[in-house]
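Have a look at the structure below, then the notes.
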Amino acid sequence: MGRRKVTDDKSAKPVRGPGRKSKKQGEPTFPKELAQTEPTDKKKVSSRGKQRARKRLEKDKLKQTINKNTKLKTATKRQSDGESNDEEQINGYTDENQQWLKPKKKKELFDDDEQNEEESMDEDVPYDDQFNEMESSSEEEEENDGDEPKLDIEKQSKKIREKQRQTKERSEQELLTNIQQHEKVQFPSGQEVTKEAPQADLQLLMHRIREVINVLNDFKNKREANRSRKEYLDLLRQDLCNYYSYNEFLMNKILDLFPLAEVIDFLEANEVQRPVTIRTNTLKTRRRDLAQALINRGVNVDPLDKWTKVGLVIYNSQVPIGATPEYLCGHYMLQGASSFLPCMALAPQPNERVLDMCAAPGGKATYIGALMRNSGILVANDANKDRARAIIANTHRLGLTNTIVTNLDGRHFSEHMGGFDRCLVDAPCSGAGVIAKDQAVKSSKDEKDIQRCFTAQRQILLNAIDSINENSTTGGYIVYSTCSILVEENEAVVQYALNNRPVKIVETGLEFGVEGFTNFKGTSFHPFMKYCRRYYPHLHNLDGFFVAKLKKYSTKQGNKKESETIEKEKKKEEEDDSLEAMADD
């Protein structure tokens, strides 16, 4: 390749010049504005030479500052001695600061207007900020010294950009402080709210929810002049119902239960599923052996928490958890972590007579049987015959031999059987604590449903108390639990039992949980209600749950008035059912 050699052969073409690839690019041409004004004969200085020259300049400046400082000291001494000092005042730094303070470099000023602007800016900015700006500018100059020299217009534009950045930062800070101090929500009109309700933007709704909560937390300073607290609460309730798809009845109950700071946390926790947990069947295996067997099958599993010795939490699995050989052999039971708590509070002992009033599908009943070590008698009852079959299947699979499964109405159970040492009443409820499992609860529950639930719960709890042997040497305890967070189904039912039966509240023995309410919306409960325990999804990462433990101390039955009130409630329920049937027809 390259240029062809010239040979003696006449047929070869003569070489005319350099090839197309070897042509050199000509010298660049610049416009007159950018043309170099300095003479071309001047020798270019290398980057190392520039550094050496800069060091020499710094040494000379240091010497000048030292001389100025010495002169300043002598001048101050003369003034202190009373001598007249006619010399000009010298501005400089003290010897203590000269090692770390660098003298301000003189910048090239392009016009008088820019110089005046910089002087006014320096007067407004504190000395520390000026010093920081001086250091940053000197660092930028040192970084750019190794590069090619910049044009005047480039330097000027750089200074303008820096000023714009500083003014923007200051304005943003002032805006933030003003918002924090004088923030007020623009309250929408009634027509705007009704227009936004069916097709509202979720981001705008959440923004307005947080703003209203912020106003309610500091209502005196941030509210609008003509707006009351009730109007803000109504707006918040409507926005929360639209955003999370709750009905107004249930949202009112939630707003009554929690402070405003926790409402959104609770509602958000209900949108997320709780972790999958299993309970080790200690009659057949140990938790360590079960965890190892599941890990070998590709299950990512860990111990649940310190408060339980049999629980395991499953993060993900390569095999179906409800169909492994270990599950079919009865080594574990799929069960929510909150369902462990009533059985732990009951604390059944071996060789006792224990009753589980509402046992289906058998998770708590089989845990009680394991705690009893397959001794004594365990009666697992449920009013629904189809659900009672699940109890039979689970007792067989888990290897329980001390269990009797019955199908009786819990409201009349004491008429058929009694004399138990301990009883667990996991009463049917509205499910307000397990919304993450059943999203239909948000919009399906109303006041009538809650009334039906707490009426049945009262009757079941009173029958459970009647079926307990108060003279038991080891027991005489009743544990009442629901998967609801409503006060009407929890503290109110326990208070009803305290008023109508010879029982008292005792400590549950659980290590954690929120205390029960002793006062709620003007209603006062027994002071020992603080021994009850409440569990919330946003605080404990468990389903919403309530646990109370009672002890029977006498055989005294309720008064005639109490029995009459129970009969009235039964009649009222029957009338409501008949009216609903007629309405459906």
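Cβ coordinates are placed from backbone N, Cα and C, and glycine is handled just like the others.
Curation plays no part in TrEMBL annotations; they are all automatic predictions.
Quick caveat, the model's predicted, so the values are computed rather than measured.
Lifted from TrEMBL, the feature list:
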REGION    1-178  region 'Disordered'
COMPBIAS  45-56  compositional bias 'Basic residues'
COMPBIAS  91-100  compositional bias 'Polar residues'
COMPBIAS  110-146  compositional bias 'Acidic residues'
DOMAIN    266-553  domain 'SAM-dependent MTase RsmB/NOP-type'
BINDING   CYS358, ALA359, ALA360, PRO361, GLY362, GLY363, LYS364, ASP382, ASP409, ASP426  S-adenosyl-L-methionine binding site
ACT_SITE  CYS483  active site, nucleophile
REGION    554-585  region 'Disordered'
COMPBIAS  574-585  compositional bias 'Acidic residues'
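Broken down with DSSP, the compositional bias 'Basic residues' (45-56) shows 10 helix, 0 strand, 2 coil.
Per-residue confidence over the domain 'SAM-dependent MTase RsmB/NOP-type' (266-553) averages 94 (mean pLDDT, predicted model). If you take the Cα of ALA360 (S-adenosyl-L-methionine binding site) and the Cα of CYS483 (active site, nucleophile), they are about 14 angstrom apart, rounded to a whole number.
Between LYS364 (S-adenosyl-L-methionine binding site) and CYS483 (active site, nucleophile), the C-alpha separation comes to 13 Å.
Taking the Cβ of GLY362 (S-adenosyl-L-methionine binding site) as centre and 10 Å as the limit, one finds 28 other Cβ atoms among all the protein chains shown.
A C-beta separation below 8 Å, combined with a sequence spacing of at least six in one chain, links ASP409 (S-adenosyl-L-methionine binding site) to ALA383. Comparing the residue listed as 'active site, nucleophile' with CYS358 (S-adenosyl-L-methionine binding site), their Cα atoms are 13 Å apart once rounded.
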